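Engineer: Please find one structure pasted underneath; my questions will follow.
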């Protein structure tokens, strides 16, 4: 059919079933089609931009040329529906089901405890499933590479990795069986030890992988592919037209007639622009069916790669070529393979094309500098003909008049360099693949090519630097000259987009220096030079090793204390678990989209929704709000970018968001907005009263100390990044203003009361429900209630069900996160390290609750202060920490008496388990042997108070029903958000009722079964709700006692039926009244906590001083959590909290523009820990023989305390940086703020290279991003 014809039929398969779509819209992505039309909701929406992997599916295509079937993973959120002609798509529902057959991938991730909140699990399953379809026995490197594009905020990845590790062919370590100990510990791998140590899971129970049981590729698609005559396809949507030509000639004609029309292959560039920037392209040309663009041809000059080949296909091709050619002929190929491994995720590489990546000319492209430095050429084609163009700096200028046809890579035919020859040549490529040099045997540079990304709007060439090197000996003098020329040639203005100007400029020198080390090493290998090479740079270690998890377990007969699988894990792994946005739509349901402020401080002069209301599908708006004590929608003034102004209602998500984008808002800027903490201090803009606690006379104490140190420490904020964004559905019941509210909230009663107050109705008309939450971490309490109020008003106004689900960018912009902190401190201490006096002041801008709720910030300031004391004294920080640690019966500075015995036990046990002394010596030796690679080590304790200081929140209720058939339904006031609360409540009920857990079911949390709930937070959910469930079950069990006495040999079912016939109530409400906690701020004393959870962590890191890159080599955590109710859940919480803390202190960085706009609004800008950030050795030990009389079954809360132990990685980095600084003659305390990003690490190392970079004068320019 010609491009001018309307409406071709789209034909493809999903999970083995044929799908035909007559009216495929080019703007419809596969994800929305799956979820909204086919109701396949297992595939989740986590970010919408291909950055989180929650929407991963497997796409299979038949290759007629080779008669093979290709399987690859892809992000459904970026996969246009129109691109799926002839494809077979497999979603998580097609892999396996609890109703029929669980697939081994689903089973192993679930039973290895790799699913907590479960929102990321279907994506994890699909990434691993696709790998196994291509390689049934993968290596660990394969697994980590294929999971690198899947984010998880709950587990810390270790259990996911362990579950997937069981598929590895080479996996012989006992950790593959989930053992609590390991052969790595010595003589513990015999049969006797295997039985002595409890396991988290048993590999022997897993189903075997049987490839013959997988869904076959539809024969109809094979027949269609082989017999169909080539013809173009056209699909017309509401706003865009999609044309897929079938020949190169047709493509060129289309492009000539429509030069502005984008070419879309993988949609990884155009897709996000359409979705997030509102870009509209009347015509999209998709050349995926033009076979000439996928041809690969080897010639004597090299290999021509078709521009349509995906980056994954390019990587596979290069790996094959490596095996066919000598090493000296494949330098460029090796460099490209390395860069491809770092470019995007596996899902992105599978669909992104080589030509698309080159033509996008990304300023920070990983690939283009290498291609340019390798003197690659491209073949471009237009109606005027074909020509070859060198891929150099001049190429990276957009030209819509031609199409990129193919790429010639010459690395495969590089001249060889025989050892000892003076006539040969060799092409070398630097470690970061931005430089190439051609050397003669006398170490004179014949040619050199240096390209950089990230130093301009496109890839740039350092041509002047090259000229300064050519025809010179490769020696220190030449290198020094090159540095000077390079600094003059590549200059970034201090306000350059992307910021980090000093860091980026220093990297240009660092990369050249690292390349120099490679060149020297190669020259020495060839006997051209005889001097010792200063240091051979090796990549940072990366292979994740088997880890240890040690815990005490109960007997098989006791359901409490054993590592029971999360009760919903299998449903989560099959995609059957229902989250808020998975609830089926109702007839007439509307979608709500928000309009938010684009100004930080302004008066609203107008808000015009008339144009929005004229758009297709738009039904109404919500602007006026009343009744609630807080301003829900800004009325006259805005106080931040992202403040909610109004809402637009429409029949679909797309229509609602288009309507919101069409609302016009007028502003009048108001003077002096406040963005930074310093500005807030200067203008006295902070909340009163300012609370403080003082013990003793600080002023007098400072007079008695040997030394005084004053310092300043800044810690950035943190985004919750729960995988499921804020979601809610409000359904009017239809009478007496009653509403059913389905909401992802940690605090249902607060949401219920807020809605009732806003609508002016009693709380008993608002029924709030939540089955499970896809992660929360404190972020789904207050803003969730506000959003639910707005959505409820919309439902009340229209008398229709209204759904509101935030996009990731909206969520990050609107909801707030962890508070940043600026602290100034003064500490007095003795020569032996005893701290005598400390004065600390902090100022915190307003944000919201986040795991730890202010404690990590305060502890971080204190630990940094202790670190400074150690540096000032020249002593190890662990000695200073141990010297100032609580000992014996102790009293806190607010007069709370407690015993620190278990804290001391954790400290000593951690030092023993991690072999602290021996490894500390090894780190010191490593640092003596390496100038540019350093290791660091730190050990840090934590003491964390549990329960709510607001005493009224320390209560809980539970409702337990026993039905006539003996089944039990438990309801309680806590919410399941991945922490395993429902599973633990099931265990509590199982123990108290003396029945198997399989007889107990927990459906949801709702305010019509358990009223007046407390928030699920503060690591107090199990403590409070567990006691309530225990109370209810004990009452029920006592009611059955007369029945049991009459029939002691009867079954549970017979006792229940007898009780029913005897008219005994089988329904009970249990209640728990928690401790009366308080804090008297006038007296500066109180008991704000019920008890303390203790923990100690030791981390070792290795960092690259020239780039600031680092890797956590090993982490050991010893945690005192009393007697664990469920060790698998608690260890999972420990690992997940540590990784979230690792992100907080070393990785996650919020960036705001000078106008107050949040730059980092998704995973492509805001980086949370991924699989590649997991410690290579990640060991967790639960302190044995610990009791806690203040909580259920002597357990302790654990969700929050361990997060701070992520700071151990920060202090290990600081230790390594200190070693690097000492090599430069710099000693004593130094500033390293949190998070310790590569930029901060590199600059703190203060190498001679970074010291060449002149610092920009503060105040002389407007920075790209503010230092909040």
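Glycine too: its Cβ is placed from the backbone N, Cα and C atoms.
No curator has checked TrEMBL annotations; they are predicted automatically.
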Engineer: Say TrEMBL lists 777, 851, 1018 as binding Mo-molybdopterin: which of 746, 986, 987 is in the same site, per that record?
Structural biologist: 746
Engineer: Which residues in the same chain, at least 6 apart in sequence, have a Cβ under 8 Å from the Cβ of residue 77 ([2Fe-2S] cluster 1 binding site)?
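Structural biologist: Same-chain residues close to residue 77 ([2Fe-2S] cluster 1 binding site) (Cβ under 8 Å, separated by 6 or more) are 29, 30, 31, 45, 47, 48, 49, 50, 55.
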Engineer: In the predicted model, what is the mean pLDDT computed over the domain 'FAD-binding PCMH-type' (235-448)?
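Structural biologist: Residues in the domain 'FAD-binding PCMH-type' (235-448) carry a mean pLDDT of 79 in this prediction.
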Engineer: What binding-site residues in the list 117, 120, 265 lie within 10 angstroms of residue 1200 (active site, proton acceptor), counting C-alpha atoms?
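Structural biologist: Candidates kept after distance check: none.
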Engineer: Please give the greatest C-alpha separation between any two of the FAD-binding residues 263, 264, 265, 266, 267, 268, 269, 270, 366, in angstrom, as a whole number.
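Structural biologist: Maximum Cα-Cα distance: 21 Å.
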Engineer: DSSP helix, strand and coil counts for the domain '2Fe-2S ferredoxin-type' (8-95)?
Structural biologist: 16 helix, 31 strand, 41 coil
Engineer: Could you check which of the binding-site residues 117, 120, 152 is the closest Cα neighbour of residue 366 (FAD binding site)?
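Structural biologist: Minimum Cα distance from residue 366 (FAD binding site) across 117, 120, 152 lands on 152.
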Engineer: Take the Cβ of residue 269 (FAD binding site) and count every other Cβ within 10 Å, whichever protein chain it belongs to.
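Structural biologist: Excluding its own Cβ, residue 269 (FAD binding site) sees 18 Cβ atoms within 10 Å.
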Engineer: Sequence order is fine: just name those binding-site residues in 263, 267, 269, 853 with a Cα within 10 angstroms of residue 1018 (Mo-molybdopterin binding site).
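Structural biologist: Hits: 853.
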Engineer: Compare the Cα of residue 746 (Mo-molybdopterin binding site) against each of the binding-site residues 117, 263, 269 and report the nearest.
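Structural biologist: Among 117, 263, 269, 117.
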Engineer: I'd like to confirm something. Which of the binding-site residues, 52, 265, 267, 269, 853, has a Cα closest to the Cα of residue 154 ([2Fe-2S] cluster 2 binding site)?
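Structural biologist: Comparing Cα positions, the closest of these binding-site residues turns out to be 52.
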Engineer: Starting from the Cα of residue 152 ([2Fe-2S] cluster 2 binding site), work out which of the binding-site residues (52, 267, 269, 777, 851) are within 10 Å.
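Structural biologist: Checking Cα-Cα distances against residue 152 ([2Fe-2S] cluster 2 binding site), the binding-site residues within 10 Å turn out to be 52.
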Engineer: Out of the binding-site residues 52, 117, 120, 777, 851, give me the one sitting nearest to residue 267 (FAD binding site) by CA distance.
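Structural biologist: Closest candidate to residue 267 (FAD binding site), judged by Cα separation, is 52.
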